[in-house]
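*Asks:* One structure follows; several queries about it will come next.
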(Lines of atoms letter the chains of each structure in order from A; the text may use other names.)
(Lines give C-alpha, C1' and ligand atoms only; values in the text may rest on other atoms or scores of the structure.)
Protein backbone atom coordinates (compact mmCIF):
# COMPACT_ATOMS: atom_id res chain seq x y z
CA UNK A 1 0.00 0.00 0.00
CA UNK A 2 1.50 3.37 -0.99
CA UNK A 3 2.22 6.11 1.53
CA UNK A 4 -0.12 9.11 1.40
CA UNK A 5 0.86 11.96 -0.91
CA UNK A 6 3.48 14.02 0.89
CA UNK A 7 4.25 11.14 3.27
CA UNK A 8 1.62 11.77 5.97
CA UNK A 9 -2.15 11.30 5.91
CA UNK A 10 -3.48 14.68 7.03
CA UNK A 11 -6.52 13.43 8.96
CA UNK A 12 -7.42 16.73 10.62
CA UNK A 13 -10.49 15.32 12.37
CA UNK A 14 -8.35 12.77 14.20
CA UNK A 15 -5.63 15.36 14.83
CA UNK A 16 -8.03 17.85 16.41
CA UNK A 17 -10.37 15.41 18.18
CA UNK A 18 -9.06 16.31 21.66
CA UNK A 19 -9.94 19.99 21.23
CA UNK A 20 -13.22 19.54 19.39
CA UNK A 21 -15.37 20.86 22.23
CA UNK A 22 -13.30 24.01 22.64
CA UNK A 23 -13.30 24.60 18.88
CA UNK A 24 -17.05 24.16 18.78
CA UNK A 25 -17.47 26.69 21.56
CA UNK A 26 -15.07 29.11 19.89
CA UNK A 27 -16.93 28.85 16.58
CA UNK A 28 -20.02 30.41 18.15
CA UNK A 29 -18.09 33.62 18.85
CA UNK A 30 -16.46 34.05 15.44
CA UNK A 31 -17.39 35.59 12.13
CA UNK A 32 -19.02 32.90 10.04
CA UNK A 33 -18.96 31.83 6.41
CA UNK A 34 -21.54 29.41 5.02
CA UNK A 35 -19.79 27.04 2.65
CA UNK A 36 -21.02 26.57 -0.91
CA UNK A 37 -21.80 23.10 -2.29
CA UNK A 38 -18.35 22.88 -3.89
CA UNK A 39 -16.62 24.14 -0.75
CA UNK A 40 -18.45 21.50 1.32
CA UNK A 41 -16.96 18.79 -0.88
CA UNK A 42 -13.50 20.36 -0.77
CA UNK A 43 -13.42 20.86 2.97
CA UNK A 44 -14.51 17.28 3.63
CA UNK A 45 -11.56 15.96 1.66
CA UNK A 46 -9.19 18.40 3.36
CA UNK A 47 -10.43 17.39 6.81
CA UNK A 48 -10.41 13.62 6.21
CA UNK A 49 -7.02 13.54 4.46
CA UNK A 50 -8.26 12.83 0.96
CA UNK A 51 -6.46 15.98 -0.19
CA UNK A 52 -3.23 15.24 1.68
CA UNK A 53 -0.84 17.03 1.99
CA UNK A 54 -3.25 20.02 2.17
CA UNK A 55 -4.26 21.20 5.64
CA UNK A 56 -6.35 24.15 4.51
CA UNK A 57 -7.42 26.27 1.58
CA UNK A 58 -4.57 27.47 -0.62
CA UNK A 59 -2.84 30.71 0.29
CA UNK A 60 -1.66 32.89 -2.59
CA UNK A 61 1.86 31.49 -2.86
CA UNK A 62 0.59 27.91 -3.07
CA UNK A 63 -2.23 28.97 -5.40
CA UNK A 64 0.19 30.61 -7.84
CA UNK A 65 2.44 27.56 -7.77
CA UNK A 66 -0.45 25.22 -8.55
CA UNK A 67 -1.86 27.39 -11.33
CA UNK A 68 1.45 27.99 -13.09
CA UNK A 69 3.49 24.88 -12.28
CA UNK A 70 1.11 22.24 -10.86
CA UNK A 71 3.09 22.37 -7.62
CA UNK A 72 2.69 23.71 -4.12
CA UNK A 73 5.23 26.25 -2.91
CA UNK A 74 7.34 23.48 -1.34
CA UNK A 75 7.56 21.68 -4.70
CA UNK A 76 4.98 18.96 -3.99
CA UNK A 77 3.00 17.90 -7.05
CA UNK A 78 -0.57 19.25 -6.89
CA UNK A 79 -2.57 20.09 -10.00
CA UNK A 80 -5.90 21.58 -8.91
CA UNK A 81 -6.34 24.88 -7.01
CA UNK A 82 -8.40 24.27 -3.85
CA UNK A 83 -9.61 27.70 -2.83
CA UNK A 84 -12.15 29.33 -0.54
CA UNK A 85 -13.82 31.83 -2.85
CA UNK A 86 -15.88 34.64 -1.29
CA UNK A 87 -17.51 37.87 -2.52
CA UNK A 88 -15.74 41.20 -2.14
CA UNK A 89 -17.96 42.33 0.74
CA UNK A 90 -16.99 39.34 2.88
CA UNK A 91 -13.34 39.57 1.84
CA UNK A 92 -13.23 43.18 3.04
CA UNK A 93 -14.60 42.13 6.43
CA UNK A 94 -11.70 39.83 7.36
CA UNK A 95 -8.01 40.31 8.06
CA UNK A 96 -4.91 38.09 8.19
CA UNK A 97 -4.64 36.00 11.39
CA UNK A 98 -8.38 36.33 12.00
CA UNK A 99 -10.27 33.10 12.71
CA UNK A 100 -13.48 32.33 10.83
CA UNK A 101 -16.05 29.62 11.51
CA UNK A 102 -16.97 27.65 8.40
CA UNK A 103 -20.51 26.31 8.40
CA UNK A 104 -22.50 23.70 6.54
CA UNK A 105 -26.02 24.89 5.62
CA UNK A 106 -25.55 27.99 7.77
CA UNK A 107 -25.94 26.05 11.02
CA UNK A 108 -23.40 23.22 11.35
CA UNK A 109 -19.82 24.30 12.18
CA UNK A 110 -17.31 22.00 10.49
CA UNK A 111 -14.02 23.87 10.89
CA UNK A 112 -12.28 27.09 11.88
CA UNK A 113 -10.05 28.80 9.33
CA UNK A 114 -7.09 30.88 10.46
CA UNK A 115 -6.72 33.47 7.71
CA UNK A 116 -3.26 33.65 6.18
CA UNK A 117 -4.10 35.96 3.30
CA UNK A 118 -6.94 37.40 1.25
CA UNK A 119 -6.22 37.85 -2.43
CA UNK A 120 -7.92 38.59 -5.72
CA UNK A 121 -6.88 36.00 -8.30
CA UNK A 122 -6.47 36.66 -11.98
CA UNK A 123 -9.28 34.38 -13.07
CA UNK A 124 -8.36 34.65 -16.73
CA UNK A 125 -4.95 33.16 -15.94
CA UNK A 126 -6.51 30.39 -13.83
CA UNK A 127 -8.96 29.63 -16.63
CA UNK A 128 -6.20 29.42 -19.24
CA UNK A 129 -3.55 27.58 -17.22
CA UNK A 130 -5.77 25.10 -15.38
CA UNK A 131 -8.67 24.56 -17.81
CA UNK A 132 -7.21 25.68 -21.19
CA UNK A 133 -9.30 28.82 -21.54
CA UNK A 134 -12.44 27.79 -23.45
CA UNK A 135 -15.25 29.90 -21.90
CA UNK A 136 -17.69 27.03 -22.47
CA UNK A 137 -15.72 24.74 -20.14
CA UNK A 138 -18.00 24.09 -17.12
CA UNK A 139 -15.23 24.92 -14.63
CA UNK A 140 -14.52 28.23 -16.38
CA UNK A 141 -18.21 29.01 -16.46
CA UNK A 142 -18.30 28.35 -12.71
CA UNK A 143 -15.17 30.40 -12.15
CA UNK A 144 -16.57 33.54 -13.78
CA UNK A 145 -20.29 33.22 -13.09
CA UNK A 146 -20.53 31.51 -9.70
CA UNK A 147 -17.28 31.70 -7.73
CA UNK A 148 -16.52 34.72 -5.57
CA UNK A 149 -13.96 37.26 -6.77
CA UNK A 150 -11.64 36.88 -3.76
CA UNK A 151 -9.90 33.86 -2.25
CA UNK A 152 -9.08 33.35 1.42
CA UNK A 153 -6.14 31.11 2.22
CA UNK A 154 -5.33 29.54 5.55
CA UNK A 155 -5.05 26.44 7.72
CA UNK A 156 -8.03 24.61 9.19
CA UNK A 157 -8.87 23.30 12.63
CA UNK A 158 -11.37 20.46 12.30
CA UNK A 159 -14.59 20.35 14.29
CA UNK A 160 -16.37 17.61 12.36
CA UNK A 161 -16.87 16.29 8.85
CA UNK A 162 -19.84 17.64 6.91
CA UNK A 163 -22.97 15.68 7.73
CA UNK A 164 -24.51 13.23 5.28
CA UNK A 165 -27.74 11.39 5.84
CA UNK A 166 -27.38 8.85 3.05
CA UNK A 167 -25.21 5.74 2.73
CA UNK A 168 -23.23 6.13 5.97
CA UNK A 169 -21.76 2.66 5.60
CA UNK A 170 -20.35 3.45 2.16
CA UNK A 171 -18.68 6.77 2.96
CA UNK A 172 -15.24 5.57 4.04
CA UNK A 173 -12.56 8.11 4.90
CA UNK A 174 -8.99 7.47 3.73
CA UNK A 175 -8.02 6.18 7.18
CA UNK A 176 -11.05 3.88 7.31
CA UNK A 177 -10.47 2.55 3.80
CA UNK A 178 -6.80 1.90 4.50
CA UNK A 179 -7.80 -0.06 7.61
CA UNK A 180 -10.34 -1.98 5.54
CA UNK A 181 -7.68 -2.96 3.03
CA UNK A 182 -5.29 -3.97 5.81
CA UNK A 183 -7.93 -6.14 7.48
CA UNK A 184 -8.56 -7.86 4.15
CA UNK A 185 -4.81 -8.11 3.50
CA UNK A 186 -5.20 -6.19 0.25
CA UNK A 187 -1.84 -4.59 -0.48
CA UNK A 188 -2.55 -4.14 -4.20
CA UNK A 189 -5.75 -2.27 -5.07
CA UNK A 190 -6.77 -0.85 -8.44
CA UNK A 191 -9.17 2.09 -8.11
CA UNK A 192 -11.90 2.80 -10.64
CA UNK A 193 -13.23 6.36 -10.91
CA UNK A 194 -16.73 6.91 -12.28
CA UNK A 195 -19.52 9.48 -12.33
CA UNK A 196 -21.85 7.32 -14.42
CA UNK A 197 -23.87 4.14 -13.90
CA UNK A 198 -21.89 0.96 -14.47
CA UNK A 199 -22.81 -1.74 -16.97
CA UNK A 200 -21.39 -5.11 -17.99
CA UNK A 201 -18.52 -3.56 -19.95
CA UNK A 202 -17.34 -1.67 -16.85
CA UNK A 203 -17.47 -4.84 -14.81
CA UNK A 204 -15.46 -6.67 -17.47
CA UNK A 205 -12.76 -4.02 -17.82
CA UNK A 206 -12.27 -3.64 -14.05
CA UNK A 207 -12.04 -7.40 -13.55
CA UNK A 208 -9.49 -7.56 -16.38
CA UNK A 209 -7.52 -4.70 -14.81
CA UNK A 210 -7.48 -6.52 -11.48
CA UNK A 211 -6.25 -9.75 -13.04
CA UNK A 212 -3.58 -8.00 -15.12
CA UNK A 213 -2.22 -6.19 -12.05
CA UNK A 214 -2.80 -9.00 -9.55
CA UNK A 215 -4.87 -6.57 -7.50
CA UNK A 216 -8.31 -6.17 -5.97
CA UNK A 217 -10.83 -3.59 -7.20
CA UNK A 218 -11.97 -0.40 -5.46
CA UNK A 219 -15.13 0.97 -7.07
CA UNK A 220 -14.77 4.62 -6.03
CA UNK A 221 -17.56 6.68 -7.62
CA UNK A 222 -17.89 10.43 -7.19
CA UNK A 223 -21.00 11.46 -5.24
CA UNK A 224 -20.17 15.14 -4.78
CA UNK A 225 -20.52 17.50 -7.74
CA UNK A 226 -20.12 16.09 -11.24
CA UNK A 227 -20.95 17.30 -14.74
CA UNK A 228 -24.26 19.17 -15.09
CA UNK A 229 -26.84 16.78 -16.48
CA UNK A 230 -25.30 13.64 -14.97
CA UNK A 231 -27.56 11.00 -13.44
CA UNK A 232 -28.15 11.72 -9.75
CA UNK A 233 -25.94 9.94 -7.26
CA UNK A 234 -28.81 8.10 -5.53
CA UNK A 235 -29.66 6.29 -8.76
CA UNK A 236 -25.99 5.57 -9.40
CA UNK A 237 -25.33 4.24 -5.90
CA UNK A 238 -28.25 1.81 -6.22
CA UNK A 239 -26.67 0.64 -9.49
CA UNK A 240 -23.24 0.23 -7.88
CA UNK A 241 -24.75 -1.74 -5.00
CA UNK A 242 -26.24 -4.18 -7.49
CA UNK A 243 -23.29 -4.50 -9.84
CA UNK A 244 -20.83 -5.12 -7.00
CA UNK A 245 -22.71 -8.39 -6.45
CA UNK A 246 -21.71 -9.46 -9.97
CA UNK A 247 -17.97 -9.44 -9.23
CA UNK A 248 -16.12 -12.63 -8.31
CA UNK A 249 -16.44 -13.16 -4.58
CA UNK A 250 -13.97 -11.12 -2.54
CA UNK A 251 -12.45 -9.19 -5.42
CA UNK A 252 -14.22 -5.80 -5.21
CA UNK A 253 -15.14 -3.15 -2.64
CA UNK A 254 -17.46 -0.14 -3.01
CA UNK A 255 -16.82 3.21 -1.33
CA UNK A 256 -18.17 6.67 -2.18
CA UNK A 257 -16.01 9.74 -2.81
CA UNK A 258 -17.45 13.18 -1.85
CA UNK A 259 -15.49 15.00 -4.54
CA UNK A 260 -16.51 18.13 -6.43
CA UNK A 261 -15.23 17.40 -9.93
CA UNK A 262 -13.99 20.27 -12.09
CA UNK A 263 -14.06 18.21 -15.31
CA UNK A 264 -10.45 19.30 -15.68
CA UNK A 265 -9.20 16.58 -18.02
CA UNK A 266 -5.49 15.81 -17.73
CA UNK A 267 -4.85 17.94 -14.65
CA UNK A 268 -7.87 16.43 -12.96
CA UNK A 269 -6.68 12.91 -13.77
CA UNK A 270 -3.44 13.56 -11.86
CA UNK A 271 -5.50 14.98 -9.00
CA UNK A 272 -7.71 11.87 -9.02
CA UNK A 273 -4.64 9.66 -8.86
CA UNK A 274 -3.31 11.58 -5.84
CA UNK A 275 -6.65 11.25 -4.08
CA UNK A 276 -6.83 7.50 -4.73
CA UNK A 277 -3.28 7.07 -3.43
CA UNK A 278 -4.36 8.83 -0.24
CA UNK A 279 -7.24 6.36 0.02
CA UNK A 280 -4.79 3.44 -0.21
CA UNK A 281 -4.96 2.40 -3.87
CA UNK A 282 -1.76 1.16 -5.51
CA UNK A 283 -3.13 1.36 -9.07
CA UNK A 284 -5.51 3.73 -10.82
CA UNK A 285 -7.50 3.24 -14.01
CA UNK A 286 -7.25 6.31 -16.23
CA UNK A 287 -9.84 6.38 -18.96
CA UNK A 288 -10.02 7.78 -22.44
CA UNK A 289 -10.77 11.53 -22.09
CA UNK A 290 -10.67 11.02 -18.32
CA UNK A 291 -12.61 13.72 -16.44
CA UNK A 292 -13.20 15.62 -19.67
CA UNK A 293 -16.49 17.45 -20.26
CA UNK A 294 -16.72 16.35 -23.89
CA UNK A 295 -16.89 19.04 -26.55
CA UNK A 296 -18.03 22.65 -26.81
CA UNK A 297 -20.95 23.99 -28.84
CA UNK A 298 -18.80 23.94 -32.00
CA UNK A 299 -18.00 20.26 -31.57
CA UNK A 300 -14.40 20.89 -30.50
CA UNK A 301 -13.17 18.59 -27.74
CA UNK A 302 -11.94 20.33 -24.61
CA UNK A 303 -9.19 17.70 -24.23
CA UNK A 304 -7.52 15.12 -26.43
CA UNK A 305 -8.58 11.50 -25.88
CA UNK A 306 -5.25 10.45 -24.35
CA UNK A 307 -4.10 13.70 -22.72
CA UNK A 308 -5.03 12.44 -19.26
CA UNK A 309 -3.25 9.10 -19.60
CA UNK A 310 -0.12 10.79 -20.92
CA UNK A 311 0.06 13.42 -18.17
CA UNK A 312 -0.53 10.92 -15.36
CA UNK A 313 2.06 8.59 -16.86
CA UNK A 314 4.58 11.45 -17.01
CA UNK A 315 4.29 11.83 -13.23
CA UNK A 316 4.26 8.09 -12.55
CA UNK A 317 7.38 7.94 -10.38
CA UNK A 318 6.46 11.01 -8.38
CA UNK A 319 2.89 9.88 -7.88
CA UNK A 320 3.93 6.45 -6.59
CA UNK A 321 0.77 4.92 -8.04
CA UNK A 322 0.66 2.74 -11.14
CA UNK A 323 -1.44 3.87 -14.08
CA UNK A 324 -3.72 1.30 -15.68
CA UNK A 325 -4.92 2.58 -19.08
CA UNK A 326 -8.64 2.13 -19.64
CA UNK A 327 -8.99 -0.57 -22.32
CA UNK A 328 -12.24 -0.31 -24.23
CA UNK A 329 -14.05 -3.64 -24.38
CA UNK A 330 -16.71 -4.71 -26.84
CA UNK A 331 -19.27 -7.49 -26.90
CA UNK A 332 -18.79 -10.48 -29.21
CA UNK A 333 -22.31 -11.85 -29.79
CA UNK A 334 -21.14 -15.02 -31.54
CA UNK A 335 -19.04 -15.94 -28.51
CA UNK A 336 -21.21 -14.31 -25.80
CA UNK A 337 -18.27 -12.55 -24.18
CA UNK A 338 -16.49 -9.21 -23.92
CA UNK A 339 -12.99 -8.62 -25.25
CA UNK A 340 -10.65 -5.62 -25.54
CA UNK A 341 -11.46 -3.90 -28.81
CA UNK A 342 -7.77 -3.47 -29.63
CA UNK A 343 -7.45 -7.26 -29.76
CA UNK A 344 -10.34 -7.75 -32.21
CA UNK A 345 -10.25 -7.65 -36.00
CA UNK A 346 -13.62 -5.99 -36.51
CA UNK A 347 -13.52 -6.79 -40.24
CA UNK A 348 -13.75 -10.49 -39.38
CA UNK A 349 -15.49 -10.53 -36.00
CA UNK A 350 -18.98 -9.25 -35.30
CA UNK A 351 -19.22 -6.82 -32.37
CA UNK A 352 -22.04 -5.02 -30.60
CA UNK A 353 -22.11 -1.87 -28.51
CA UNK A 354 -24.65 0.66 -27.25
CA UNK A 355 -23.45 4.26 -26.95
CA UNK A 356 -24.42 6.53 -24.09
CA UNK A 357 -26.60 8.53 -26.45
CA UNK A 358 -28.39 5.40 -27.64
CA UNK A 359 -28.86 4.20 -24.05
CA UNK A 360 -30.48 7.49 -23.06
CA UNK A 361 -32.75 7.26 -26.12
CA UNK A 362 -33.83 3.74 -25.21
CA UNK A 363 -34.55 4.80 -21.64
CA UNK A 364 -36.49 7.81 -22.88
CA UNK A 365 -38.51 5.84 -25.42
CA UNK A 366 -38.90 2.65 -23.40
CA UNK A 367 -36.74 0.71 -25.87
CA UNK A 368 -35.12 -2.64 -25.16
CA UNK A 369 -31.83 -2.71 -23.27
CA UNK A 370 -30.37 -6.19 -23.83
CA UNK A 371 -28.88 -8.26 -21.05
CA UNK A 372 -25.56 -8.53 -22.86
CA UNK A 373 -25.19 -4.77 -22.32
CA UNK A 374 -26.43 -4.37 -18.75
CA UNK A 375 -27.75 -6.55 -15.97
CA UNK A 376 -31.57 -6.66 -15.54
CA UNK A 377 -31.41 -5.29 -11.99
CA UNK A 378 -29.37 -2.30 -13.23
CA UNK A 379 -31.79 -1.62 -16.07
CA UNK A 380 -34.70 -1.77 -13.62
CA UNK A 381 -33.11 0.92 -11.44
CA UNK A 382 -32.38 3.16 -14.43
CA UNK A 383 -35.94 2.80 -15.74
CA UNK A 384 -37.36 3.71 -12.35
CA UNK A 385 -35.31 6.90 -12.27
CA UNK A 386 -35.59 7.63 -16.00
CA UNK A 387 -39.13 6.67 -17.00
CA UNK A 388 -40.02 6.66 -20.71
CA UNK A 389 -41.62 9.75 -22.20
CA UNK A 390 -45.24 8.54 -21.82
CA UNK A 391 -44.65 8.49 -18.05
CA UNK A 392 -42.71 11.77 -17.84
CA UNK A 393 -44.24 15.08 -16.90
CA UNK A 394 -44.27 18.30 -18.90
CA UNK A 395 -45.26 21.95 -18.54
CA UNK A 396 -46.71 24.19 -21.24
CA UNK A 397 -46.06 27.92 -20.87
CA UNK A 398 -48.05 30.48 -22.89
CA UNK A 399 -46.00 33.27 -24.46
CA UNK A 400 -47.37 36.82 -24.35
CA UNK A 401 -48.11 36.88 -28.09
CA UNK A 402 -50.96 34.35 -27.95
CA UNK A 403 -54.12 36.18 -29.02
CA UNK A 404 -56.84 33.69 -28.06
CA UNK A 405 -58.45 33.69 -24.62
CA UNK A 406 -55.91 32.08 -22.32
CA UNK A 407 -58.44 30.66 -19.90
CA UNK A 408 -60.37 28.99 -22.70
CA UNK A 409 -57.19 27.62 -24.27
CA UNK A 410 -56.18 26.21 -20.88
CA UNK A 411 -59.55 24.52 -20.45
CA UNK A 412 -59.42 23.16 -24.00
CA UNK A 413 -55.97 21.69 -23.50
CA UNK A 414 -56.92 20.19 -20.14
CA UNK A 415 -60.07 18.60 -21.56
CA UNK A 416 -58.13 17.22 -24.52
CA UNK A 417 -55.41 15.73 -22.33
CA UNK A 418 -57.85 14.14 -19.89
CA UNK A 419 -59.51 12.16 -22.64
CA UNK A 420 -56.23 10.35 -23.30
CA UNK A 421 -56.15 8.82 -19.81
CA UNK A 422 -52.89 7.03 -19.06
CA UNK A 423 -52.60 7.93 -15.41
CA UNK A 424 -50.87 11.31 -15.80
CA UNK A 425 -52.11 14.06 -13.49
CA UNK A 426 -53.01 17.27 -15.37
CA UNK A 427 -53.44 20.69 -13.83
CA UNK A 428 -53.84 24.33 -14.85
CA UNK A 429 -51.43 26.41 -12.84
CA UNK A 430 -51.48 30.19 -13.08
CA UNK A 431 -48.13 31.71 -12.36
CA UNK A 432 -46.15 34.16 -10.36
CA UNK A 433 -42.40 34.63 -10.58
CA UNK A 434 -41.54 33.65 -7.02
CA UNK A 435 -38.71 31.12 -6.67
CA UNK A 436 -41.07 28.79 -4.80
CA UNK A 437 -43.26 28.63 -7.88
CA UNK A 438 -40.32 27.67 -10.10
CA UNK A 439 -39.41 24.86 -7.71
CA UNK A 440 -43.01 23.68 -7.63
CA UNK A 441 -43.18 23.51 -11.42
CA UNK A 442 -40.01 21.43 -11.47
CA UNK A 443 -41.40 19.11 -8.80
CA UNK A 444 -44.65 18.59 -10.70
CA UNK A 445 -42.82 17.84 -13.93
CA UNK A 446 -40.43 15.40 -12.28
CA UNK A 447 -43.40 13.65 -10.68
CA UNK A 448 -44.88 12.97 -14.11
CA UNK A 449 -47.66 15.58 -14.18
CA UNK A 450 -48.85 17.65 -17.11
CA UNK A 451 -49.03 21.37 -16.29
CA UNK A 452 -50.69 24.17 -18.22
CA UNK A 453 -49.44 27.66 -17.31
CA UNK A 454 -51.67 30.25 -19.01
CA UNK A 455 -50.04 33.52 -17.95
CA UNK A 456 -46.99 35.03 -19.62
CA UNK A 457 -43.94 33.61 -17.93
CA UNK A 458 -40.64 35.35 -18.50
CA UNK A 459 -38.80 33.11 -16.06
CA UNK A 460 -39.68 29.78 -17.67
CA UNK A 461 -36.09 29.10 -18.65
CA UNK A 462 -35.09 29.12 -14.99
CA UNK A 463 -37.03 25.97 -14.15
CA UNK A 464 -34.77 23.03 -13.42
CA UNK A 465 -36.54 20.65 -15.77
CA UNK A 466 -35.95 19.52 -19.32
CA UNK A 467 -39.65 19.20 -20.14
CA UNK A 468 -40.87 22.81 -19.95
CA UNK A 469 -42.11 24.10 -23.32
CA UNK A 470 -43.33 27.51 -24.46
CA UNK A 471 -46.23 28.10 -26.87
CA UNK A 472 -46.36 31.19 -29.07
CA UNK A 473 -45.51 32.96 -32.32
CA UNK A 474 -41.96 33.96 -31.41
CA UNK A 475 -39.05 32.31 -33.21
CA UNK A 476 -37.74 30.80 -30.00
CA UNK A 477 -41.06 29.23 -28.96
CA UNK A 478 -40.87 25.46 -28.53
CA UNK A 479 -44.34 25.05 -30.03
CA UNK A 480 -44.34 27.75 -32.70
CA UNK A 481 -47.69 28.97 -33.97
CA UNK A 482 -48.20 30.29 -37.48
CA UNK A 483 -50.00 33.61 -37.93
CA UNK A 484 -53.09 31.80 -39.19
CA UNK A 485 -53.34 29.56 -36.14
CA UNK A 486 -55.44 31.86 -34.02
CA UNK A 487 -58.23 29.47 -33.04
CA UNK A 488 -58.15 27.39 -29.90
CA UNK A 489 -58.80 24.27 -31.98
CA UNK A 490 -55.72 24.83 -34.15
CA UNK A 491 -53.51 25.52 -31.14
CA UNK A 492 -54.71 22.43 -29.27
CA UNK A 493 -54.09 20.33 -32.36
CA UNK A 494 -50.55 21.69 -32.70
CA UNK A 495 -49.78 21.05 -29.03
CA UNK A 496 -51.09 17.49 -29.16
CA UNK A 497 -49.01 16.74 -32.26
CA UNK A 498 -45.91 18.16 -30.56
CA UNK A 499 -46.46 16.00 -27.47
CA UNK A 500 -47.10 12.95 -29.64
CA UNK A 501 -43.94 13.55 -31.70
CA UNK A 502 -41.96 13.79 -28.46
CA UNK A 503 -43.55 10.60 -27.11
CA UNK A 504 -45.37 12.18 -24.15
CA UNK A 505 -48.69 10.98 -25.56
CA UNK A 506 -49.27 7.69 -27.34
CA UNK A 507 -52.33 6.81 -29.39
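Cβ atoms here come from the backbone N, Cα and C positions, even for glycine.
These figures come from a predicted structure and were not determined experimentally.
Copying in the features that Swiss-Prot gives for the protein in this structure:
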REGION    1-165  region 'N-terminal'
REGION    166-391  region 'Catalytic'
BINDING   193, 195, 291  sulfate binding site
BINDING   193, 194, 195, 196, 287, 288, 289, 290, 329  ATP binding site
ACT_SITE  194  active site
ACT_SITE  195  active site
ACT_SITE  196  active site
SITE      199  site 'Transition state stabilizer'
SITE      202  site 'Transition state stabilizer'
SITE      326  site 'Induces change in substrate recognition on ATP binding'
REGION    392-507  region 'Required for oligomerization'
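What's the neighbourhood like for each of these?
*Replies:* According to its DSSP assignment, residue 291 (sulfate binding site) is coil.
All protein chains included, residue 195 (sulfate binding site) registers 20 other Cβ atoms within 10 Å of its own Cβ.
Residue 194 (active site) is surrounded by 19 other CB atoms, counting those within 10 A of its CB over all protein chains shown.
The Cβ of residue 196 (active site) lies under 8 Å from the Cβ of 230, 231, 236, 356, each of these being in the same chain and 6 or more residues away along the sequence. Following the DSSP three-state reduction, the secondary structure of residue 196 (active site) is coil.
Over all protein chains present, the Cβ of residue 199 (site 'Transition state stabilizer') has 20 other Cβ atoms lying within 10 Å.
Within 10 Å of the C-beta atom of residue 202 (site 'Transition state stabilizer') sit 19 other C-beta atoms, taking all shown protein chains into account.
In the three-state DSSP classification, residue 326 (site 'Induces change in substrate recognition on ATP binding') falls within coil.
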*Asks:* Within the region 'Catalytic' (166-391) only, compute the mean pLDDT.
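*Replies:* The predicted confidence over the region 'Catalytic' (166-391), as a mean pLDDT, is 93.
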*Asks:* Name, in the order they occur in the sequence, the residues of the same chain whose CB lies under 8 A from the CB of residue 193 (sulfate binding site) and which sit 6 or more residues away.
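*Replies:* 220, 221, 222, 272, 276, 284, 285, 287, 290, 291 - these are the non-local Cβ neighbours of residue 193 (sulfate binding site), listed in sequence order.
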*Asks:* List only the single closest residue to residue 329 (ATP binding site), chosen from the recorded positions 194, 195, 199, 202 by CA-CA distance.
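*Replies:* Closest candidate to residue 329 (ATP binding site), judged by Cα separation, is 202.
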*Asks:* Measuring Cα to Cα, how far is residue 194 (active site) from residue 289 (ATP binding site) in Å?
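*Replies:* Rounded to a whole number, the Cα-Cα distance is 12 Å.
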